[in-house]
Amino acid sequence: MNFLIRLIFIAILVFLGWRFWTQQQVGSSVEQLTHQVLNPKSPYCQSPLGWRLGRLDPAFNLTEAQAIQLISTAADMWNQASGQQLLHHDPAHGFVIDFKFDARQQQLLKQRLLQRNLARYDDAIQPGLQNLPEKFAELDAKIAEFNQQKALLQQQISQFQPNAHNAEAQRRQLEQQQQSLVREADWLEQQRQQLMRDQDYLNETIRQRNELVQTAEQPTAAASFEVGLMTIKQLQRQMTIFAFSSETDLIATIAHEFGHAFGIAHTEEPDSIMFHQLNAQQQQLTAADIQAWQSTCQAQ
Ligand SMILES: [Zn+2]
């Protein structure tokens, strides 16, 4: 019963850990500046729109060629989805895209590392949580069976009659049964000790995992920070990238900011690139993005 209580506690801790992570999605949130400036059918739609790489902070660990390649991928998403050359690389006159390294990137990297470590713990914990209760139940059943056999043997021993004509044969048979039960008891005890070790190991792993979560920086500061920003002042565009946790996220962020470069506002669909918060569902421009572009930039 003590084990069951522990197990419930463990399950709660694991659940809490999971909740902690699902609440930690880092997003590029609303660029207020852009939205105050832009209206539908705004004058920001002229294309093709040239871009160029500006300052690339070396702390991002990206070469210029890599950065240009990733930006080009994001630009091609718009070109392909619209069937037009909306964006092109213009190293001489394009608007500037800066990669500015600050605490946000460090926080993202820390979070990613923590997430990976937690995933490792979870991989180690999950099988134990699933299998141990079953193994304890199996052992309990075997012990119950053993106790029945033991009781039966005790009964036979108490009924043993030393003066019966086949007493010697009976005595030998009872002795054999007894030895067999002793071996069975040894084996059951080994099994029990092994399971206790497994349980201790599992509890220790869970304790370490929870300690890792507790000592990690609280996610509040990072929960909603912007990872990209598009500003347009007197038709002068500038894009700034502050942080990214993967190339996929970076491409989605740049594609999102490119959308704002044309004056496109946020969409309601979480899987669309123009959704206000960066998330894992954003893989490519969706019908909602194209609809937003058409309603913003195409004469009706
Ligand atoms: Zn936005």
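The backbone N, Cα and C atoms fix where each Cβ goes, glycine too.
Nobody curates TrEMBL annotations by hand; they come from automatic prediction.
Feature annotation from TrEMBL assigns coiled coil to 136-198. Under the heading domain 'Peptidase M10 metallopeptidase', TrEMBL lists 193-295.
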Overall pLDDT for the domain 'Peptidase M10 metallopeptidase' (193-295), taken as the rounded mean: 87
DSSP-assigned states of the domain 'Peptidase M10 metallopeptidase' (193-295) in counts, ordered helix, strand, coil: 51 helix, 14 strand, 38 coil
